[in-house]
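*Asks:* Annotation source Swiss-Prot lists pyrrolidone carboxylic acid at Q1, citing experimental evidence. Residues or ranges marked as disulfide bond by Swiss-Prot: C40-C45.
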Amino acid sequence: QSTNDLIKACGRELVRLWVEICGSVSWGRTALRMTLSEKCCQVGCIRKDIARLC
């Protein structure tokens, strides 16, 4: 799967993706993650966006 694929994921699906990309979910930078979560849900994001927050 390409790192540029646009992913529209919300809730559990987003968490599942996060674990797949990062290996685990630690919610340290909460504000930034919430912003990204909303973006991923509404307009989509790419795997690189999520990987940056690992």
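Yeah, the Cβs are placed from backbone N, Cα and C, and that goes for glycine too.
Could you place the listed features in the three-dimensional structure?
*Replies:* Cβ contacts within 10 Å of C40 (disulfide bond), excluding its own Cβ and spanning all protein chains shown: 22.
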*Asks:* Would you count the other CB atoms within 10 A of the CB of C45 (disulfide bond), including those on all shown protein chains?
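*Replies:* Taking all protein chains shown, C45 (disulfide bond) has 21 Cβ neighbours within 10 Å.
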